[in-house]
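S.K.: What follows is a single structure, and I will ask about it in a moment.
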Amino acid sequence: MDSIAVALQPYKDRVGLTAAIVTVVQFFSGVLALNEIRRQGNTRGFSVLPFLGCTVFCLLNIQFGQMLRDDGMIRVNFIGLALNLLYVCGFYLYTEGPRKTAVWGQIGLAGAFTVGVISYVQYEDPKLVEFRFGVILTGLLWSLVGMPLLGLNDILKNKSTEGLPFPIIFLGAVVSFCWLLYGIILRSNFLVVQNLMALALSAVQLSLFIIFPSGAVKPPPSPAKKRN
């Protein structure tokens, strides 16, 4: 990896800028989901977890960026944090009365998890914290990227990719590739491992669109019998 890092070092700023731009573009993909919620007038069929997960991930990445002294990572995740907080607020506004309590509960759990991790980072041994914090971020990222695969059984059963957000998955693959290159340049093993696995998960999801290109496969109608 060192030889690749040396070769890419002159392009560090370009790769970092590209990673930042495509990440910000991906952050705006939440607008598509919120627009669908707005059109139907409620949040039925949608979950607040992707928005909450991204909010927590961005907040923790700001902390990780401070540890790495990487201003670009900090700026990008500040934008992501602001956008996803707006998405959570929008989701809550369109949530019907009885479901608001459940949303508040999920927000509370996400907040408690975030406070717990940040508190741990402040008191952990500096020699250990970067590694352990990186493990937490890696697990969280993989959970977010792999979330669409929770419906894999239905996809295989119906032979349809309906419900999989192709633009978001495709952008996720591009984002993972860019941050993978940036991680190599920074010689950050965690950025490399995080985004290599995220890229693999995105590739699995994109392959489903190739396997089932026409959506649901329906049996052909039986020919009508001729009457005598």
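Each Cβ is built from the backbone N, Cα and C atoms, and glycine gets one as well.
All TrEMBL annotations are machine predictions without curation.
Taken from TrEMBL, the feature transmembrane segment applies to 15-34, 46-64, 76-94, 101-121, 133-152, 164-185, 197-217.
What's the neighbourhood like for these features in this structure?
M.R.: Long-range contacts of the transmembrane segment (46-64) within the same chain, counting only residues at least 6 positions beyond its ends with a Cβ under 8 Å from a Cβ of the stretch, are 27, 30, 33, 36-37, 73-74, 77-78, 80-81, 84-85, 87-88, 91-92, 95, 103, 106-107, 110, 113-114, 117-118, 121, 133-134, 136-137, 140-141, 143-144, 147.
Distant neighbours of the transmembrane segment (133-152): 49-50, 53-54, 56-57, 60-61, 63-64, 67, 117, 121, 124, 163-165, 169, 172, 176, 189-190, 193-194, 197-198, 201-202, 204-205; these residues of the same chain sit at least 6 beyond its ends, with a Cβ under 8 Å from one of its Cβ atoms.
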S.K.: Hey, would you say the transmembrane segment (15-34) packs against the transmembrane segment (197-217), going by three or more CB pairs under 8 A that are 6+ residues apart?
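M.R.: In this chain the transmembrane segment (15-34) does not contact the transmembrane segment (197-217) - fewer than 3 Cβ pairs sit under 8 Å.
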